Amino acid sequence: MLLADVAAASTAVAATRSRLAKRAVLVDVLRRAAADGPQDVAIVSRYLGGELRQRRTGLGWRSLTSLPEPADTPSLTAADVDAAFAAMAELAGPGSAGARTAAAAELFGAATQDEQRLLRGLVTGELRQGALDALLLDAVAEAAGVPAGAVRRAAMLAGETEAVAVAALAAPTPEAATEALDAFTLTVGRPVRPMLAQSAPDVATALAGLAQGDAPAGEVVVDTKLDGIRIQVHRDGDDVRVYTRSLDDITARVPEIVAAVRLLPAQRLVLDGEALTLDDAGRPRPFQETASRSATRDAELAGSASLTPFFFDVLHVDGRDLLDAPLRERLAVLDQVAAPHVVDRVVTADPAVAAEHFRAVVAAGQEGVVVKAYDAPYEAGRRGAAWVKVKPRHTLDLVVLAVEWGSGRRAGTLSNIHLGARDPAGGFVMLGKTFKGMTDEMLAWQTERFLALAQSREPWGVVVRPEQVVEIAFDGLQRSTRYPGGLALRFARVLRYRDDKPASEADTIDAVRALAAG
DNA sequence: TTCCGACAGTGGGGTCGCAAT
DNA sequence: ATTGCGACCCCACTATCGGAA
């Protein structure tokens, strides 16, 4: 199949907001790819989902700043493009950057304007066609004539979409496709997409969200939420593999987790949990230390810092699949097979008990809690309503120092605001930026407001007179080398603009430092 | 007919390894 | 030795479509 066919489909998908219309376009091109063979289905399904088949190519947005003019006529096949990126992914060592740039120039030079747009989107991971993996799975189902649920489940269990698309579309009949999809089962050693949580502002709201209609939630699990990295651990005897949330295999980087899992009583296991670094007293170290330890490839270099695994779910044990078992059953098994590496929890129907657990774990330095429906199955890959996270929230009244022009649907509006705390000695100390929490109405208002406050216009936005106070919510403070105060906000978002408060009454950097000191 | 679940988009800070400077 | 880029760890929140109720 020609890349031009894929690019035309992507353009058509981007041109409509209707998901049904997007799906129809995807179905058409998937069917044509299937007629060309499984290799084309593999490539085309990846590209339509917004990804390259290579996890890392060494190319990013910066590498694409100067590229040749587009070709007038299409010539590239999907297979050509995949081979070109595969070759780039292999490049390493001195001179590789130049060779990669040359290879990219050759590829993009052979691509038409439409094809360049597609390739650029795939390289940067920002295709912006309004359809990614989820809609693609729906399209695969329709193209193969099978229920969407069957395709989705296969993809969750496979941990990827490409193989599922290939299997479903290679089948000559819907019956054969169903059979092919049923062959994707939970397999020890092959990661599944992790179940995700929704969020709620407090424990009471989380419990209300789990209630069925007018009936109260009944017994729920209140799990401790640890501030580390998500891990999915597969054990088959002495063979232990550790995967991240994005299903990256980090086994080689975390020998201490492998060793801990080998000490557990069950021989075949799939566990879901979190890994983090602890201090001598067993309290969690800052997330940045966990991130550093888990990103260091050479375990020898990591020194004394060590990751401790804690598990909150079990998906398989010694031949028994537990994905569809209620959480109640899974936890009973977890306590048998994963002690002492089990997340601390309470089971209760009493909102007061749940709230007390939240208070206690936060006091112990943990991130918060995850409230879970006691009888829900493990919904791989879903951000289902069965898990609801609750974290403490801090707020500050900060001053807007500058604003950046937005992109995409925010093009033409001033979007990303720079935030400063008041320095009692004079001026403001920048603590970070945020674009979150803004409605379209707020974006329109702030565009006008900050243009009026503009002191200077820059290519990226405007620097403003420091007069507008904004109430900011955030999860905590972290060490920063980027900002002058040595501190940065974590997960900052706008709550509201405060027109009742002058900048002279904004929160001070001293108050922020006091908060950081705990 | 209205409601709401699921998606995609819009970006944030920090960490590492690697190649170029 | 330092710098910049790419990849990936943690993410929150809003608008929208279309099926559920």
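Placed from the backbone N, Cα and C atoms, the Cβ positions cover glycine too.
Site annotation (TrEMBL, ligand ATP) includes A:Arg230, A:Arg245, A:Glu274, A:Phe312, A:Arg383, A:Lys389; from A:Asp223, A:Asp239, A:Asp280, A:Asp318, the additional listed residue is A:Asp223. Across the recorded positions listed here (A:Lys225, A:Arg230, A:Arg245, A:Lys389), the residue whose Cβ sits among the most other Cβ atoms within 10 Å is A:Lys225. A coil conformation is recorded for A:Arg383 (ATP binding site) in the three-state DSSP classification, outside any helix or strand. The DSSP breakdown of the domain 'ATP-dependent DNA ligase family profile' (A:310-423), given as helix, strand and coil counts, is 28 helix, 48 strand, 38 coil. When Cβ neighbours within 10 Å are tallied across all protein chains shown, the highest count among the binding-site residues A:Asp223, A:Glu274 belongs to A:Asp223. All protein chains shown were included, and the count of other CB atoms within 10 Å of the CB of A:Arg383 (ATP binding site) stands at 12. Within the same chain, residues at least six positions away from A:Phe312 (ATP binding site) with a Cβ under 8 Å of its Cβ are A:Asp223, A:Asp272, A:Gly273, A:Glu274, A:Leu334, A:Val342, A:Val343, A:Arg345, A:Val370.
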